[in-house]
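Asker: Mind having a look at this structure? Questions to follow.
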């Protein structure tokens, strides 16, 4: 299936690889100066990535980023408070983390949509590895996780991203969107109590004021979303201006809806009282000051002073698990949002590391990219990561001068915003398409999707990656082998030729093929093994081939290895029934045992 | 390195695969009847493996098996008692497990050295997954583990054995031997107390009577071991008979030494008293009856009746972990002892499953092959698995009529026996050799060895397997690609041709190569991508190639895919800048955009 087998000798000749440059000298007359290796992008531009954005930063980009930044600010503030609470921390730590994450990602990050800050995943990790222990452990964990992430970036481990196949990215994206939508739908309806309600129960548990406000927001957001797509029949300067205005209204829809809801709440409270508000508000922001200090590398805990090594011992596996989970989630989100699949994953790891290390100097919790925020940024027309600076300013203001005003955001308006942002990312179309085109991809998608829903998105992602690795490994265990009876100068030989690359796991399979061939031809002819597709002349290869030679000697069959370099011949055990075909082609001499 | 690059067109022509049989019809005059596919081995012979042994079972084989069987019996009895105690069970359960394992392995097993029975690994597993719960859980665990093993055998999952590379098998063997030798050295010296003693402490903690007896046994065993290698100058019937006698003495050395030590002890006790024995004896055997009964699929526990599903729920992950650990250990041991690396791993899985399921009908604990026992069998010249029947009979006698006599075996004589059996399997020579020949293999050996010692042999084995898989996967992420400027009918094109197989993880790398080539040649020429080495035309391939086509279109460069079947062409997105080279060779027409 993978290659046309009926290549003519002529075609093979045509396709014979020519040495690079050879043709340039003889047949092709090309100005060689013109085709010198172009200079690489300067490393500063690759590392301080914001310099790339700054060069072309104009008014229009700035406005788009500002709108997206403010919208994201309105989302990230209640989110950060909630995630800090989930990790067992007080609200200000979540907001600190949001500010530091946004500022440093703006400097080093490459993908406009990615938003580093508190996430549910990191909160659960903190809960698991720090638990009831004091805040200092969280900060040191952020520092160490950041260090590991930074090192992974420095050692250019970004290629791991290539091991996330497209169906897995798609399934991860859809599953995360489903989970977010489900959770936020609960907030939208203001459901009381825990667990999934039955249909009958549902109506009893709905908080009707929340639900009505949420549904109104939902409808308004959907209508505003369509504004950008209105087309006018005439194309005059006026309609163009109107179209632009409508586009701005459309991408500011999230910020607008939250702002209007909060303003109504504010005046309602002013005229009546806080208790008079019929719907639920998001958690209150407490005023706090962002302060710089060294991470607590030694502190008192349970009447003893813990030094750095003690803290490392206490955090245990968390030091490895937290950065790996953070990087996997971050890279998967980045892959879901990046334009044209082109991702500098090493730079993303580096940036994530910097965000976390920097965060540990400002009392932050471990952070990574959040799927919901990326979806909101995307929906709000973000252009560059510099948009994060505007978000950071807004969060900073919320912590200092604007603190009281951030207490009036209705929870169901945020829920409506998040649902609309993620719901269009749910895409079940791959199920049908992949079933038709590739069963392996189909099972990757379905498996990853189900595991994401059942056991958490990070487990699902890992499952998808490992499943695909196993598919490849299984395939390597069964290399394709062609066994042909060949003739050369009136002498016959059995030519055993793998037609796909052979790694250590496939050598045993080749051995079976050789034995089958000898059995079929009743040990009458010598066996020539084509070694050109063996990728590793390692101990496994040497051992198995030596064993084959021994078996064949017992049956008086000659084994000839073809296409094996002299260097690799040195590795083989000497005393065996192994002959080498020294030339480029097999000739009659090769088919008789050599005198040693 | 892996293939000669300078193949001439003639050589390629010579090597061009011919259809199987084609030559038989035309050039080669061969009696076609002679070369019909030979009949496959009958499935009964492959499954009821003892039939293979029985066919050629003669007196000499029987004597060798009997000696090995008795020797193994003397080893397995104290071992089974110890491992049952380790799992928190009373001694008879260990002996039941030994009998059933030996009998059923003799019927179905393929490797003479492998000995199914209680092992330290399985005891630790029982401790972990059953803990303080009653015996019934252990029996059901044995049943379920056996079922999983049986199913893995039925579904022919034996190929997993190909994923254990030779260096990992070797490191696992040496590490296990080191651990066994160290533990038994402690028994040999009769060390009191726990933990590794310092040199000074050592002499205080030695039990001198144990140590002296043990060292004497050690020296005697080493001397007897050499008997088999004595050569006589003359070759008369007498010397031949003497040589044979010495050989029998040599392979019975383990049984002999234990028998002599026990006899001395027996008469000592008879003349004085049990307390007068200055050295430590192995644990006493209690007389018991092997009875057949259904595994307890429902029983009372903590005042409630547990049904089958409840028991499954209680055992949890153990149902998967126990069989996987058992199979990995079993297969690694089998691989270490099998002749010429030829292992029917599926049959081994099947057999292990049968042993455990059968065991659960006789109140047995979960069993698998033990490294120590394999080494003892090997040292005692075992010939076929039927030897296990003799062992089983001896163990049965120990449980019934011979019970009192098995209380007189000195512990240090067994320790000496085990040390000599495993110490010759410790082999550090791969370290130097692998460093010279293959760094990947070197790190596999060293890594696996260290992890085996530090974290247990099952973890070390898994580490070695996964490490090698990662090596292969990393290599697949960086396929070799040749980029050449080619000419065809006075038109130039860039020919991008992978020279190793490309899986999903390598597609992104090819994309980088295409972009680099376009950058070098300033987008002047069309790009022809050779797809013949792409192993999977899956969603990842389609997505990345579509993205490449889009990028190239923006830069006005034509992308032509060569060597892709029409079937696979259907999978590609339609609207992209993708052209196909329909023929077997690239011609001028292919280098211009096609009219759609």
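Including glycine, each Cβ sits where the backbone N, Cα and C put it.
The shown structure was predicted, so the numbers you read here are calculated from the model rather than taken from an experiment.
Below are the features I grabbed from TrEMBL:
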TRANSMEM  A:62-86  transmembrane segment
TRANSMEM  A:93-116  transmembrane segment
TRANSMEM  A:136-161  transmembrane segment
TRANSMEM  A:205-224  transmembrane segment
TRANSMEM  A:245-269  transmembrane segment
TRANSMEM  A:315-338  transmembrane segment
TRANSMEM  A:388-407  transmembrane segment
TRANSMEM  A:414-431  transmembrane segment
TRANSMEM  A:443-476  transmembrane segment
DOMAIN    A:492-572  domain 'STAS'
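Mind running through what each feature is packed against?
Answerer: Within the same chain, residues 92-95, 97-98, 102, 115, 117-120, 122-124, 127, 248, 251-252, 254-255, 258-259, 282-283, 285, 365, 370, 372-373, 376-377, 380-384, 386-391, 393-395, 398, 406, 409, 411, 414, 417-418 sit at least 6 positions outside the transmembrane segment (A:62-86) and bring their C-beta atoms closer than 8 Å to a C-beta of that stretch.
Taking Cβ pairs closer than 8 Å, the transmembrane segment (A:136-161) reaches residues 87, 89, 93, 126, 129-130, 295-297, 299, 301, 311-312, 314-315, 318-320, 322-323, 326-327, 331, 335, 343-360, 363-367 in its own chain, all 6 or more past its ends.
For the transmembrane segment (A:205-224), the list of distant contacts is 187-193, 197, 249-250, 253-254, 256-257, 261, 278-280, 410-413, 415-417, 419-420: same-chain residues at least six beyond its ends, Cβ to Cβ under 8 Å.
Counting only same-chain residues 6+ beyond the ends of the transmembrane segment (A:315-338), those with a CB under 8 A from a CB of the stretch are 111, 113-114, 116, 119, 121-122, 125, 128-130, 137, 140-141, 144-146, 148-149, 152, 160-161, 164, 169-170, 172-173, 345, 348-349, 352-353, 356, 366-371, 374, 378, 425, 457-458, 461-462.
Residues 65-66, 68-70, 72-74, 76-77, 80, 92, 95, 98-99, 101-103, 105-106, 109, 115, 262, 266, 281, 284-290 of the same chain lie 6 or more positions beyond the ends of the transmembrane segment (A:388-407) yet place their CB under 8 Å from a CB of it.
Within its own chain, the transmembrane segment (A:414-431) is flanked in space by residues 74-75, 78, 167, 170-171, 173-174, 176-178, 180-181, 184-185, 187-188, 214-215, 217-218, 221-222, 225, 254, 257-258, 282, 336, 371-372, 375-376, 378-379, 441-442, 445-446, which lie at least six positions past its ends and keep a Cβ under 8 Å from the stretch.
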Asker: Cβ under 8 Å to the transmembrane segment (A:245-269), counting only same-chain residues 6 or more beyond its ends: which ones?
Answerer: 63-64, 67-68, 70-71, 74-75, 213, 217, 220-221, 224-228, 230, 276-277, 281, 376, 379-381, 405, 408-410, 413-414, 416-417, 420-421
Asker: Let me spell it out: take the transmembrane segment (A:93-116), skip the flanking residues so only those 6+ beyond its ends count, and list any with a Cβ under 8 Å from a Cβ in it.
Answerer: 47-50, 72, 76-77, 79-85, 135, 138, 285, 288, 290, 330, 333-334, 337-338, 343-344, 347-348, 350-352, 354-355, 358-359, 362-365, 367-370, 373-375, 377-378, 382-389, 391-392, 395-396, 398-399
